[in-house]
């Protein structure tokens, strides 16, 4: 009798390597699936390792471009910062991974999908809600959450089954990375009073080690999409990765954040997102130049909601679809170039230009070239201030008594 097939989100690390053997012992035929979303994984090595550990098949997928164009771009155009700080690094990759897991499951005729998340993080929610949204008939299994082993028990299990134990297992941090940034938690970071050690960082340098000379970059957007960096056209994924290097060497994008997790606890997270911070800063500046006032004032409401919705694992939901539709409708005239100075942890906008700019220098100037009709201000002020004046006239006639 054929075994039930299960597709495992495989990273090549200890947890998911042990999960392969555990699932095999549980009676499954395991198909491993690993995505590269910009963290620079050695996909060939991971593919071979999955087979060595016990998977019957191993898929490795380079998904950098899809991640950049269909997921990171939404976060960029939404200026997405959960709680005003976190640019949704891991939260963005989970729905894409879930989508690919479902595609592989359909191709292989699998009846279940497994992931390597623990029972106290947000990712278990994101994976399972996304999978159920895309394939409600598929069962979801969480080995790490189910077996409840200590780290020592997990290592012993690996050794007993000849599963390679990673040489960096003593790394005190839990790290997740994609092209939109790098997240870091656990170890000494669990004490919110402790200063993050430099060992916690990889994409950025400290302010002390940042160069004393700034880099100036010019980012060109077409309909809200970054299309070139310093005059060189490149794919969105390559542009983000290139900007990670340039902005990272200036210490741009370090974030130390106490975060309210979806599962109800607070966690201390350290993020590095040099490209994300730089691009969001530039994109916001271009919107300020090209948006009418009413859209500029309303869009932040949508931005906050879409940030929360994505963080909470609802990427594949009617609400997210509606929010993204509004977002896309605002980007038609977000065209132009922004000049940004990268220096000592800062991304500072120093220049902006756009064929769709609503800034009129002749209206803004106080020189003799001024074309603003100042006489029109008198009537405008009378009408604008009329409700305030009427309120004052009416209520000034009311005697207010205060009892002591």
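Using the three backbone atoms N, Cα and C, a Cβ is placed for every residue, glycine included.
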If Swiss-Prot says 9, 10, 11, 12, 13, 14, 15, 16, 17 bind ATP, which of 84, 109, 116 does it name for the same site?
116
Measure the Cβ-based neighbour count of residue 183 (L-citrulline binding site), defined as the other Cβ atoms within 10 Å of its Cβ.
25
Taking the Cα atoms as reference points, how far is residue 122 (L-citrulline binding site) from residue 17 (ATP binding site) in Å?
21
In the structure shown, which of the binding-site residues 11, 17, 118 has the fewest Cβ neighbours within 10 Å?
118
Can you figure out which of 86, 126, 174, 183 (the binding-site residues) comes closest in space to residue 13 (ATP binding site), comparing Cα atoms?
174
Return the residues near residue 174 (L-citrulline binding site), defined as same-chain residues 6+ apart in sequence whose C-beta is under 8 angstroms from its C-beta, sorted by sequence, else 'none'.
184, 185, 186, 187
Looking at the binding-site residues 86, 123, 259, 271, whose Cα is closest in space to that of residue 17 (ATP binding site)?
123
